[in-house]
Amino acid sequence: MKCSENIALTFGNPSKVSRKPQQYRRAEPQWYGTDVVLALVTQGNLGKSTGNLIFFFFSVKYVTKTTEACQRAKPKQEALTTPLVEQHPHLQDETVIRQVQQISAIDQHPSSVQSSKETPTQDTERASSDEDPSTAQETRQWKEIKVMLGDLPGIYARLSKIRLTALVVMTASAGYAMAPVPFDPSCFLLASLGTGLASCAANSINQYFEVPFDSNMNRTKNRPLVRGQISPLHAVSFAAACAVPGITLLALTVNPLTGALGALNLFLYTCCYTPLKRLSITNTWVGAVVGAIPPVMGWTAATGSLDVGALLLGGILYSWQFPHFNALSWNLREDYSRGGYRMMSVTHPALCRRVALRHSLALIGLSVLAPALDVTSWTFPLISLPINLYISYLGYSFYRDADRSSARKLFFCSLWHLPMLLLLMLTCKKPRVDKEDRSVAHS
């Protein structure tokens with residue numbers, strides 16, 4: 001007998017009902033089916049031959065489970081008409097109302113549990129999509145992105161990473177100024193402009209490739225492509241409009257060697273460094289090579305040749321980037337992990353600190369090497385020693401403590417250390433000796 005209670009009826013007085021509560025466990029809360037309870041009691045002591053049959057017909061009950069985890073019996077609105085009621089009309093007026101005991105535990109189906117945890121927003125979205133399927137289909141289609149003309153300069157500045165581009169142009173200018181040749185303002189401006197355009201193109205293509213991953217990082221989630229301020233086609237068009245004139249300018253108006261170095265740097269940054277960020281920690285070393293090329297480009301723009309002075313400048317930029325970037329990435333480990341980037345600070349934290357300390361100390365050796373290669377005077381390693389010792393000390397603190405505070409101090413020190421070192425190097429530059437003066441001195 002399917003019912004919420006197991007009811008035993010005693011003969012004689014139908015109002016006395018002894019109830020034995022029984023818990024039923026159902027897979028999913030729902031309306032119980034209509035149950036007609038018939039009790040057939042055979043009285044044996046009234047006569048063995050005849051045997052009176054007494055039928056008790058109870059009204060149909062609907063049983064529901066309320067939010068308070070208890071059940072309440074409600075009479076059905078419409079009574080069923082059966083031959084039994086016609087024979088016993090007095091049973092039609094009798095109604096038994098019972099308080100059902102609380103069910104302690106009811107196992108819900110996983111689908112019902114999951115649906116109960118859904119937020120009202122999800123229910124609203126589902127209801128709206130069910131009511132108007134055409135509207136839901138329209139939201140999945142491409143939409144036109146309208147860009148105001150006044151917003152384009154700011155968008156282009158963020159797309160090209162204007163601060164990083166300014167640092168690249170500054171190092172290229174330092175390389176040009178350190179070259180032992182007469183200063184040519186027109187060539188200097190053309191070389192700086194071409195280098196800046198190539199850097200803008202490389203940074204724009206980098207953001208184009210990393211849109212899905214930048215959206216997971218707090219540091220990069222506000223970039224123009226992530227926010228949808230411009231379309232990907234717009235970004236690629238801007239990159240092409242910067243790359244083609246930039247490389248052409250370097251190759252035709254400066255010299256072919258500088259143009260080739262600019263094209264190589266653009267290729268390394270977009271096609272090697274960018275995909276390696278998600279594959280291997282060697283991306284840091286490749287990125288250091290990319291950062292070391294701009295001062296070499298400045299030197300070749302002035303001299304037209306690749307000399308030891310250019311390689312020395314490239315070596316200083318190469319070593320400086322490790323304490324700078326490793327300290328920066330240390331405090332962004334959570335962001336890089338969410339973005340799926342394989343950085344030393346995430347996968348090899350001990351190596352990250354060792355490399356930062358190692359290249360901080362290498363800056364001292366490179367400064368001593370500058371006068372030995374006849375690039376600067378011997379004053380340069382002496383006056384640059386304090387700042388080189390300071391960044392080495394912070395690199396050691398970062399290696400020893402491995403905390404956010406030491407990484408932050410090392411990073412901010414690297415921001416002023418590089419321009420200060422290049423400025424000291426420029427002040428200690430060896431004076432240019434012409435061939436005529438050199439021949440006179442020998443005679």
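The backbone N, Cα and C atoms fix where each Cβ goes, and this holds for glycine too.
Bear in mind that TrEMBL entries carry predicted annotations, made automatically and left uncurated.
The compositional bias 'Polar residues' feature in TrEMBL is assigned to 107-122.
The region 'Disordered' feature in TrEMBL is assigned to 107-139.
Long-range contacts of the transmembrane segment (164-183) within its own chain (CB-CB distance under 8 A, at least 6 residues past either end) are made by residues 191-192, 195-196, 199-200, 203, 291, 294-299, 301-303, 309-310, 313, 317, 375, 418-419, 422, 425-426, 429-430, 432-433. The annotation transmembrane segment is assigned in TrEMBL to 164-183 (among others).
As annotated by TrEMBL, transmembrane segment applies to 257-276 (among others). Listed as Cβ neighbours of the transmembrane segment (257-276) (distance under 8 Å, sequence separation of 6 or more from its ends, same chain) are residues 191, 194-195, 198, 201-202, 205-206, 209-210, 243, 246-248, 250-251, 282-283, 286-287, 289-290, 293-294, 296-297, 300-301, 304-306.
The feature transmembrane segment is assigned by TrEMBL to 283-302 (among others).
According to TrEMBL, the feature transmembrane segment maps to 308-330 (among others).
The transmembrane segment annotation in TrEMBL covers 351-372 (among others). Residues of the same chain lying 6 or more positions beyond the ends of the transmembrane segment (351-372) and with a Cβ under 8 Å from any Cβ of it are 281, 284, 312, 315-316, 319-323, 326-327, 329-330, 343-345, 378, 380-381, 384-385, 388-389, 391-392, 394-396, 398-399, 402, 410, 421, 425.
Under the heading transmembrane segment, TrEMBL lists 378-398 (among others). Panel annotation: around the transmembrane segment (378-398), residues 323, 327, 330, 353, 356-357, 359-361, 363-364, 367-368, 370-371, 406-407, 409-410, 413-414, 417, 420-421, 424-425, 428 of the same chain, lying at least six beyond its termini, place a Cβ under 8 Å from a Cβ of the stretch.
Tertiary proximity for the transmembrane segment (308-330) is limited to same-chain residues at least six positions away from its ends with a CB under 8 Å from its CB atoms, namely 171, 174-175, 178-180, 284, 287-289, 291-296, 298-300, 336, 343-346, 349, 352-353, 355-360, 362-363, 366-367, 369-370, 373, 375, 391, 394-395, 398, 404, 407-408, 410-411, 414-415, 417-418, 421.
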